[in-house]
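Working notes, structure below.
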Amino acid sequence: MKNIQKILPLYFVAGTQDCRHLGENLSENLLFVLKQALEGGITCFQFRDKGKFSLEHTPSAQKALAINCRDLCREYGVPFIVDDNVDLALAIEADGIHVGQSDMPVQEIRAKTDKPLIIGWSVNRLDEAKIGENLAEIDYFGIGPIFPTQSKENPKPTLGMAFIQTLRNAGITKPLVAIGGVKLAHVKTLREFGADGVAVITAITHADNVQAATKALREASDEYAK
């Protein structure tokens with residue numbers, strides 16, 4: 001599963017904290033949204049369950065939910081990525097892990113398993129991208145936040161869509177997925193600027209019709225596939 005560009009066109013990121021508006025059963029909320037998003041055509045799912053409104057403080061429930069999400073993704077042949085939690089990712093045999101600049105070094109992650117784990121790395125500055133470009137352990141960059149976002153506590157400075165173009169013009173060749181406040185109207189420009197895909201949270205979790213919104217996002221991204 002190393003043709004990374006193929007899994008990035010529509011990268012869905014979510015946890016229970018993103019679906020709490022749907023009802024009291026946090027796990028059922030996320031599974032409902034994930035199934036609709038899979039039906040709509042997401043190409044990758046990142047389990048990012050963190051914060052005071054998540055299951056982060058009940059690890060057993062969080063692990064059980066992660067396994068259910070993983071199994072659902074496998075029914076649809078969609079890669080299942082875990083955010084930050086390397087131990088969880090390895091324990092449940094996730095397809096990949098996504099880490100930030102201050103998380104476990106990617107060399108350590110790669111050394112923990114012989115399996116072909118997908119590793120994504122968050123990037124907010126050009127110098128970070130230049131460092132990551134030379135790290136063979138990294139499969140793709142998550143670039144953001146592109147726009148202001150409410151989905152992450154204490155987000156880093158926003159970059160704007162043109163930052164994707166800046167990275168490509170600077171010689172960055174690794175696959176890129178743009179994240180942070182991305183909506184349907186932004187997909188065309190982000191793809192034209194050189195993103196291999198878009199990562200969304202609210203554009204799916206808060207859609208009136210999750211499956212239809214997902215389908216529209218996927219079609220917009222595929223239209224500009226390389």
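Positions of Cβ are set from backbone N, Cα and C atoms, glycine also.
What Swiss-Prot says about this protein:
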{"type": "BINDING", "residues": "Q46, F47, R48, D49, K50, D83, S122, K152", "note": "4-amino-2-methyl-5-(diphosphooxymethyl)pyrimidine binding site"}
{"type": "BINDING", "residues": "D84, D103", "note": "Mg(2+) binding site"}
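Remark: of the binding-site residues R48, K50, the most isolated position is K50 (fewest other Cβ atoms within 10 Å of its Cβ). Put simply, D84 (Mg(2+) binding site) is 10 Å from Q46 (4-amino-2-methyl-5-(diphosphooxymethyl)pyrimidine binding site) when counted between their Cα atoms. DSSP assigns D49 (4-amino-2-methyl-5-(diphosphooxymethyl)pyrimidine binding site) to coil in the three-state reduction, placing it in neither a helix nor a strand.
Across the structure, F47 (4-amino-2-methyl-5-(diphosphooxymethyl)pyrimidine binding site) and D84 (Mg(2+) binding site) place their CA atoms 9 angstrom apart. Here the Cα atom of K50 (4-amino-2-methyl-5-(diphosphooxymethyl)pyrimidine binding site) is found 10 Å from that of D84 (Mg(2+) binding site).
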